[in-house]
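The structure appears below as structure tokens.
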Amino acid sequence: MGKSAISVAPLLFLLCFSSPWLASAGHDYRQALSKSILFFEAQRSGYLPRNQRLSWRGNSGLYDGKASGVDLVGGYYDAGDNVKFGLPMAFTVTMMSWSILEYGKQMASNGELGHAMEAVKWGTDYFIKAHPRPYVLYGEVGDGNSDHYCWQRPEDMTTDRRAYRIDPNNPGSDLAGETAAAMAAASIVFRRSNPAYSAQLLNHARQYYRSISGYNDELLWAAAWLYKATNNQYYLNYLGKNGDALGGTGWSITEFSWDVKYAGVQTLVAKILMQGRAGHFAPVFEKYQQKAEYFMCSCIGKNMRNVQRTPGGLLFRQRWNNLQFVTSASFLMTVYSDYLASSGRSLRCASGNVPASALLSFAKSQVDYILGDNPRATSYMVGYGTNYPRQVHHRGSSIISIKVNPSFVSCRGGYATWYSRKASDPNLLSGAVVGGPDAYDNFADQRDNYEQTEPATYNNAPLLGVLARLSGGRGSFNQLLPEVVPAPKQTFTRPRPTPAPGTLPFSPQMTKMLLLF
């Protein structure tokens, strides 16, 4: 290599973690954090609590589970439709909990810890209902086909609300594993502020885990979270003895999402190793760590095979809701950067060692892109900045609030009147992170462009941790110490109990239509 090539190498390295849009004024990460948590209130199903801040939403799904003889009122709608899908909902809760466990102190200093914990609890309260007895777990309420046929706000739903469950005769190990992980992670969140509730969550998590018999990444994912929640050697042994057989030490993955958990497992196990808790499984856990670092290096462009980027510098995996992968990858890079810094290590990539700070810098560049530092100067978080999506693919935000106009919106009438309307949404879906731009940084703000304008809870959940970390400034954080979540300042408000049938606050027309189902 010539002298000139050597002299420009540091400059090329810096350019890998820079873009022309990073020269803009800094972002208000505290405001973005507040808005991103507020989005979850728009996704609530059930009887809304008295401290509901997003006032344009109303009660919905109050008959959920009734036909199956179980109370499934509550939980979250995961995206722009009105179905409650258990697997992405559980991943959402897991990632919100992980965000709190890593950066709860920063959330507390921003006054957002209580809101974040309420968001977790809204999900876990539902999971407790969905697990009415051992080996039975309800994993979905509503039908995607009938729901997509209609364009109705949640308060007006007339679609099929049947409930689907897993049990010994109808297995669903991926759902059971993710729900076990969610309950275990959340149990750590509430260990200090609500120990009885924490114990209840952990009991359910253990019962979920016993029902898992397949889906290798969820087996390892659940075991890792149960070890963190219990310190039980059984789960550590499971990770150590099954890492090779179940792919934890073998799969080199460049994706982390509600459907593919390996990179998350590998990151969690790497933390256990760096904490000095691996014991005689250290050689196996080092192989997990190598795969975790493969993921990190691929994201920052330092591997032999790297994640694709748009011309504007955004990680790009697929055209449909690409930002879900960006926020989840940014979270893993953020926590792993802190793990490395706390242990005094650098990232080992195929092209050489990379300082831990480079991971955080790149994660920041991805968040800044989402918030507006991109070729279009568009914020992909609704309500943040001045140029953000106005025609979101979301039933609730696109139809006038039932609080403003209680007139019933029919299944197909919603498409005719509201879906096709070429105007801004009447309700601001504050904090929602939409699907985002294509591989060339292009974006069309149109309601029927569901690949780019539909939000999802699992887009926001990992972002909570990154925003909390960035809002904390440049201070050092020892992320290898045991997680201690401070008690939140806010008090939790329980939702009002579900009324008995016949007392639901619907119009006579709406009640009649519901009874048809």
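Even glycines carry a Cβ here, placed using N, Cα and C.
Residues or ranges marked as active site by TrEMBL: His393, Asp445, Glu454. As annotated by TrEMBL, domain 'Glycoside hydrolase family 9' applies to 29-467. Taken from TrEMBL, the feature signal peptide covers 1-25.
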- Message: Tell me the Cα distance separating His393 (active site) from Glu454 (active site), rounded to the nearest angstrom.
- Response: 5
- Note on the structure: Taking all protein chains shown into account, the Cβ-based neighbour count within 10 Å for Glu454 (active site) is 21
- Spatial separation of Asp445 (active site) from His393 (active site) - C-alpha basis, Å: 9
- Look at the active-site residues His393, Asp445 and tell me which residue has the greatest number of other C-beta atoms within 10 angstroms of its C-beta. His393
